[in-house]
């Protein structure tokens, strides 16, 4: 339960200083003013009153909808319209109703799903149920991390209230009066500045005392807080960005084409109006005898004729087009929802298409922007290998162990920890001195906090998953970390309780890349234990070490296996020297100026002449199939950019795991740090001077502590910002950054804020004009998923549901992305393009026949077809066949789509439907309309029936022309279709059968008797369709219409085959001779060594440990632990998975099934020599 104090809020935005002022329980503040303050956040687009006007306004932004509304107005004018008004009203109302219902459903679902159990506002913590008024919170919805650390880098945080608040809970809340002056609302998640005035005193406020909206309270019964920012002013909402209405590139192209069609329609109507003027002037007077008119003005007649032909030729942009598009998109969305190959059984999570308007855009993606934690990784850390005293222990990739180590000798061991090398346990049992020192260091040198509510039940709160895995490994091998105080650490060493005096913690930071502790053993011996990046540790080793170079070889082997390495060292300290050093350390720690610099000098002084104990190797588990997915997407020419809030080292490790053999083995990387705008510009210029041939097969990393620090690497580019306006994203450098990044295979941006993620995506959209996709699993990804990228994909993992709720598509695993794009996306794009090409063809052909007929009917706006055929042509006769093609067609199946990812490239280049293909379609329609008009016209000219009766009348000609048209477009549809199903066949043949059934019914005597004016074509069908010359004309026109298509396709396949033609040829060959199954092989990755220690660590936890503020409850009285009769249940839970098990309390498999690895290659970087 979270209690929030009532408050009144004022904001004073002066020209000099921006300041927010809050008053606590000040009753004299106007109540009417308080009503203006709200914590409401609007996540819906509509409400009950605004739905109809807003939705209609959005729908009529489509030019075609507005056009048909205009046509409706024209059709109610009897002097103009030659068609009934219902031919436009019914389709228009149908389109508007279907679209409105879909929009309302989507908006209602998204609104109800945006109900969370998180903090609803930004709070100043006042008091809590825990000792020292701390609270445990989870911030996965803010920064995407699921570990215990500081606010800016992890998930479980200790937030400490002000000292005076210890007694607040015991005071009546209405007596707690105060004033808070703080910074105005902003999007900085890692910084807060303010002052609290209370009881005549002022207290400093910083980020450690703030609970942000989106945090989840953990392991804390209650807390009280003061609302600082509410509603859209919260830091989370400030980072979310504005919601945009997403439309596909085909939608945007359609708007352009519709404008062209309108222009072309106006041109045709103008030509026919001019023709009417000329005809009326020369020939019209001869017809006034039997067609008397009130006015005999050719100009006025021409004016009316123009608008009449606007109505008749409106089918050039049929309203049914948009109805069909919505149905096709809905059907393809269902395919995604129903795809069992995208269903994640472990979490019972299916794939979900949360929008129905962007499916074809999935087939045109050029850039993928991905989060790291929880998106690419599983948050699994496994203690895999180690090297001690020149000997290597642990599982080898070349030798699979079938049995695991038995830790039953240790009753405090974690039953879920798995290790495969028995020799290490034997060395521990034989009391090997170096092995014991190795695990003693792991049990002492860390900032992990242990909670033991019951005897023997340990619960670790680890700042980083690496630390959790290392401390858990030490526990299983007999060195159990039990508890700590600000000045002591209690561990169990092989069943013996030992208390070490903690004298100092030399904390970690990004420059040091190591941490050390100074402890006094129970025997009174002073020792410094240090662990960190191997390159850093080796610089500080004693010059004489027997196994120094042996460990280097092992580290290179570990790195080649893709493991995160960490070096361990120690030294014994002289008592007198340490007393002097600790005194200087106290003076530096209390200095007001250059405190960090003075402390660094002292750390450098004492951390030298170390003795190497060994190294650890931790496996950072990627999600299953991530490397293969990225390799497949790369083959499809999709660029992968990783945008993560994590540190550079973590991002580098992901790069090591993901890079394929396209990066040359052993190729060197160059890291350059930029510390200013000018320096960053020089870096980009330098990188552009490097060999472009090397760039093209490399990835690109940009890093630095502030995105200003744009560090370029030859193999990758890391970009690491931590200020809102990063140097590389400034207007003067954004083009340099983009040019350099686009030379490479991949880009990884580190330490980016949610807003900067959106800025990077927007940068690519702005200058590359490419379709982008953003994928993530946390609220820190919402900005790029919802507001910036063309397509947003949410991963429903362990980091909350905000990303899923803001996404367009969602699923449980990153590997499903390749199926979403290469299968569903490509099929949707292909189907939509085929649909549009065919739809424009059949309607242009239908309309152009009217144009040619106008020259033979005196430009009188007479229709060439029966009115019922005009009404039913798009709604009944041709609707189902084209929908069948658009819902079921596929050039190749999903297996071949994966085997040939190059099939995806035409979609990126807009080869299937573009302005060029549209004009080709128009030319083909023009040719077909000429054939469909003049061949029947010539065949019917002066023709008689077999019995000698005349057949050359208007009604017979109309019937013949429309029948030829329907056969021609049906055959054309057959050539467009690549995959025939029973449904497709039924739709095509059934539509032809429906046409003849409806035609004979409407042209029957009975219908004429019921309503003569509506069914004037009495007997036309039975009198015309029983003549052989009529069917011969139908056959001839059909052949002539499709002959150019057949010729063109034959020549193109023979002379210039596309990738689709080549693959479909292989498919036909494979059906005759099945290809042998592909062999699976594990390819060993190689790389230079690097340290994995600092990957998820953060500065500041040394001070936290020694301060005593972390203590939850007094330590329990307990035995040594090794006298228990049986195994106790223990757990470690940094809200991720460490040492191969789930920290959330849910049982997980210890061993993840092997996944096929294809062509994985490692790379290495050379870091800057600067300290």
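Positions of Cβ are set from backbone N, Cα and C atoms, glycine also.
Per TrEMBL, the listed range annotated as transmembrane segment is 1030-1051 (candidates: 810-831, 1030-1051, 1052-1073).
As annotated in TrEMBL, transmembrane segment covers the listed stretch 66-86 rather than the other ranges in 66-86, 87-107. For the transmembrane segment (957-975), the most Cβ-contacting stretch among 256-279, 299-323, 987-1010, 1030-1051 is 1030-1051 (pairs under 8 Å). Confidence across the domain 'P-type ATPase C-terminal' (804-1057), taken as the mean pLDDT and rounded to a whole number, stands at 90. Residue 777 (Mg(2+) binding site) is 8 Å away from residue 373 (ATP binding site) when you measure Cα to Cα. Of the listed recorded positions 371, 777, 781, the Cβ environment within 10 Å is emptiest of other Cβ atoms at 371. All protein chains shown were included, and the count of other CB atoms within 10 Å of the CB of residue 780 (ATP binding site) stands at 33. For the recorded positions 371, 508, 564, a Cα to Cα distance of within 10 angstroms from residue 777 (Mg(2+) binding site) holds for 371.
Residues 866, 868-869, 872, 876-881, 883-884, 959, 963, 966-967, 970, 973-974, 1016-1022 of the same chain, all 6+ positions outside the transmembrane segment (987-1010), place their C-beta atoms under 8 angstroms from a C-beta of that stretch. Neighbours of residue 781 (Mg(2+) binding site) among the recorded positions 371, 508, 564, defined as a Cα within 10 Å of its Cα, are 371. By the count of Cβ pairs under 8 Å, the stretch nearest in packing to the transmembrane segment (299-323) among 256-279, 839-862, 868-888, 1030-1051 is 256-279.
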